[in-house]
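Asker: Take this structure first; my questions come after.
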Ligand SMILES: [Zn+2]
């Protein structure tokens, strides 16, 4: 029997004929849109005072020597309660070195020691801080340690100047920027420049620790003095080369937000026993299952709440590939791309658009023949804008079936009825949540972008998201406009030098960074 018309399978051909005109119109529209995308790069801002009239006061060879000497003082970061007398001596020496090397700045600016070892330098403008909000530049005096000094091409605390580079720990992170800021202010003072607006320089002493006591003390001082800043510029993203396939021009990324950072702790407990009779619960087995479930969690990828949508929109008109322009330039297509693109295809983009969970430590077991009754794991969580630490804690706890406990309850017998517990602690002043997202549609952002485009001829500028944490996160209560940017040209192979082996800065980058800070000060004073 023939099926009735009602149930006959319809042929796809007529359907295609019906849809074809719509598809043609849609594809034509997307391609037309892609080919006519206008550039949204901001124009360069030329300082009112000619740059060379100030840079003529910069002694670039001396600036290199000063950075070299700064590197030779090993101000290795520690928690405040772990500083040895040697460490404190190094910090003291570093402060003494700055005062000795920059007498012009020392005499013209107010120098204060804050929180024991951090420095706050205030350059008073001719107008009050209430009528003309001041600007804050940040850097830090401390550096991370070195595990394997013998593997370095040049000893890590030698500050060797060779082959167009200054070598050593802290050159990139971030003594190069600290010295550049001071040289820029020194040159402006020598050129007789007197700002209308006040400028502050804050140099923390333990930025590389979560405790970051220096930034906490500085922030408290700003609050006490009712200081608010027009904008804050801290270390952050670089001028990257070839980080995005197809984009040949250097790309200056201004970090307008940073991801949150939380360490989750998972603990499994069981009754234990002898290894010869492994039939009771085993804490390591329980913990392994929990850790494996954490690895299976797929946090949502989205462009909705962070700055990455704006980054892609900035890149779209500059991209040479039509398909890339079409996808990146359409928020609809770009959103779907980040949702379906496997993280392995573009780990960088994946990390920028979602919360990431990485189990980094695991401990448990007492002996080879003892069934473990207690095991713990730590999960490093980097939280995207739009999510909070509490939300992440809850969905991880649900996925592994763990009881959420307070950090101070973790060893308590009250929780003994649950074999699996989870908690986090958030001690530092930055908190665990992602920072607020500063707008890229402000006068302050335009001044930064315009100054970058003045100093770095062909650079594109775009807002982006910082994966790591900076002192800037501590200062969110004293400014709405917090930007994280360090003008160093970084190639993909150089990224590992930061906190890693053979850290170095190109002398040209140091020179240009001085020009950048002079330009920003002049342009920001004219806002
Ligand atoms: Zn740093």
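Here the Cβ of each residue, glycine as well, is placed from N, Cα and C on the backbone.
Keep in mind the model is a prediction, meaning the values are calculated, not measured.
Summarising the annotation, TrEMBL assigns transmembrane segment to 12-32. Residues or ranges marked as Zn(2+) 2 binding site in TrEMBL: 140, 173, 234. Residues annotated as active site in TrEMBL: 142. Annotation source TrEMBL lists Zn(2+) 1 binding site at 173, 208, 499. The active site, proton acceptor annotation in TrEMBL covers 207. Annotation comment: TrEMBL describes 256-402 as domain 'Peptidase M20 dimerisation'.
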Asker: Are any of the recorded positions 142, 173, 234, 499 near ligand 1, with a Cβ under 6 Å from it, and if so which?
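Answerer: Those recorded positions that pass the cut-off, since their Cβ is under 6 Å from ligand 1, are 173.
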Asker: By a simple count of other Cβ atoms within 10 Å, which of 140, 499, the binding-site residues in the record, is least packed?
Answerer: 499
Asker: DSSP helix, strand and coil counts for the domain 'Peptidase M20 dimerisation' (256-402)?
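Answerer: Per-class counts: 61 helix, 36 strand, 50 coil.
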Asker: For Zn(2+) 1, what surrounds 173, 208, 499 with a Cβ no more than 8 Å from their Cβ centroid?
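Answerer: The answer, listed by sequence position, is 77, 143, 144, 170, 174, 498.
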Asker: Using residue 173 (Zn(2+) 2 binding site) as the reference point, find which of the recorded positions 207, 208, 499 has the shortest Cα-to-Cα distance to it.
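Answerer: Result for residue 173 (Zn(2+) 2 binding site): the nearest of the recorded positions is 499.
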Asker: Quick one: of 140, 142, 234, 499, which recorded positions lie within 10 angstroms of residue 207 (active site, proton acceptor), measuring between C-alpha atoms? Sequence order, please.
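Answerer: Passing the 10 Å Cα cut: 140, 142.
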Asker: In whole Å, how far is residue 142 (active site) from residue 208 (Zn(2+) 1 binding site) when you measure between their Cα atoms?
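Answerer: So the alpha carbons of residue 208 (Zn(2+) 1 binding site) and residue 142 (active site) sit roughly 7 Å from each other.
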Asker: When you rank 140, 142, 234 by Cα distance to residue 499 (Zn(2+) 1 binding site), which of the recorded positions ends up on top as the closest?
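Answerer: Going through 140, 142, 234 one by one, the Cα closest to that of residue 499 (Zn(2+) 1 binding site) is 142.
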Asker: So what sits near residue 234 (Zn(2+) 2 binding site) in its own chain, CB-to-CB under 8 Å and at least six residues off in sequence?
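Answerer: The answer is 137, 138, 139, 470, 471, 472, 475, 482, 483, 484.
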Asker: Can you give me the average pLDDT across the domain 'Peptidase M20 dimerisation' (256-402), rounded to a whole number?
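Answerer: When the pLDDT values over the domain 'Peptidase M20 dimerisation' (256-402) are averaged, the result is 93.
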Asker: I want to verify one value. Collapsing DSSP to three states, which class is residue 234 (Zn(2+) 2 binding site)?
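Answerer: Its secondary structure by DSSP: strand.
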Asker: Take the Cβ of residue 173 (Zn(2+) 2 binding site) and count every other Cβ within 10 Å, whichever protein chain it belongs to.
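Answerer: The Cβ of residue 173 (Zn(2+) 2 binding site) has 25 Cβ neighbours within 10 Å.
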Asker: According to DSSP, which kind of secondary structure is residue 207 (active site, proton acceptor) found in, if we only use helix, strand and coil?
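Answerer: Assignment for residue 207 (active site, proton acceptor) reads coil.
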Asker: What other residues of the same chain, not counting 140, 173, 234, have a CB atom within 8 A of the CB centroid of the Zn(2+) 2 site?
Answerer: 138, 139, 174, 177, 204, 207, 235, 470, 471, 486
